[in-house]
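Visitor: Quick one: the structure is below, questions incoming.
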Amino acid sequence: MSQADFDKAAEEVKRLKTQPTDEEMLFIYSHFKQATVGDVNTDRPGLLDLKGKAKWDSWNKLKGTSKENAMKTYVEKVEELKKKYGI
């Protein structure tokens, strides 16, 4: 999996004809963060930030996943979403 493939997928996911489900978006978000940042490096958001907590929790579940593996999984998911929603 190349950086160019990952960058292309990151642009394509923004152009899907239909907005993916919240669950799909969390998957995309968490794998993007793991691929670009690595393990969670911030504190968990506060009690009232439900969206922020969901995103943080999803990313934190990938702790220990290599950036390369997260990148590969991200690109595969974007390809799946392109087939499902169109671009």
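Even glycines carry a Cβ here, placed using N, Cα and C.
Sharing the record's features from Swiss-Prot:
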- K14, Y29, S30, H31, F32, K33, K51, K55, Y74: acyl-CoA binding site (BINDING)
- 2-87: domain 'ACB' (DOMAIN)
- S2: N-acetylserine (MOD_RES)
- K8: N6-acetyllysine (MOD_RES)
- K8: N6-succinyllysine (MOD_RES)
- K17: N6-succinyllysine (MOD_RES)
- Y29: phosphotyrosine (MOD_RES)
- K51: N6-acetyllysine (MOD_RES)
- K55: N6-(2-hydroxyisobutyryl)lysine (MOD_RES)
- K55: N6-malonyllysine (MOD_RES)
- K55: N6-acetyllysine (MOD_RES)
- K55: N6-succinyllysine (MOD_RES)
- K77: N6-succinyllysine (MOD_RES)
- K77: N6-acetyllysine (MOD_RES)
Visitor: For S30 (acyl-CoA binding site), write down the residues of its own chain that are at least 6 apart in sequence and whose Cβ falls under 8 Å from its Cβ; none is a fine answer.
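Guide: Sequence-distant Cβ neighbours: K55, S58, W59, K61, L62.
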Visitor: I want to check the contact list for the residue listed as 'phosphotyrosine': same chain, sequence separation of six or more, C-beta distance under 8 angstroms. What comes out?
Guide: K55, S58, W59
Visitor: Using a 10 Å cut-off on CB atoms, tell me which of the binding-site residues F32, Y74 is the least crowded.
Guide: F32
Visitor: By the count of other Cβ atoms within 10 Å, pick out the sparsest of the binding-site residues K14, K51.
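Guide: Looking at the binding-site residues K14, K51, the Cβ with the fewest others within 10 Å is that of K14.
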Visitor: Would you kindly give the Cα-Cα distance separating K8 (N6-acetyllysine) and K14 (acyl-CoA binding site), rounded to the nearest Å?
Guide: 10
Visitor: Over the residue list K14, Y29, S30, H31, F32, K33, K51, K55, Y74, recorded for acyl-CoA, what is the maximum interresidue Cα distance in Å?
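Guide: The acyl-CoA-binding residues span at most 20 Å between Cα atoms.
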Visitor: Indicate the candidate from K8, K77 with the smallest number of other Cβ atoms within 10 Å of its Cβ, considering only these modified residues.
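Guide: Among the modified residues K8, K77, the sparsest Cβ neighbourhood within 10 Å belongs to K8.
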Visitor: By the count of other Cβ atoms within 10 Å, pick out the sparsest of the modified residues K17, K55.
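Guide: Among the modified residues K17, K55, the sparsest Cβ neighbourhood within 10 Å belongs to K17.
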Visitor: To the nearest whole angstrom, what is the C-alpha distance linking F32 (acyl-CoA binding site) and K8 (N6-acetyllysine)?
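Guide: Here the two Cα atoms lie 12 Å apart.
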Visitor: Which number gives the other C-beta atoms within 10 angstroms of the C-beta of the residue listed as 'N-acetylserine', all protein chains shown included?
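Guide: Step by step: centre on the Cβ of the residue listed as 'N-acetylserine', count other Cβ atoms within 10 Å, giving 9.
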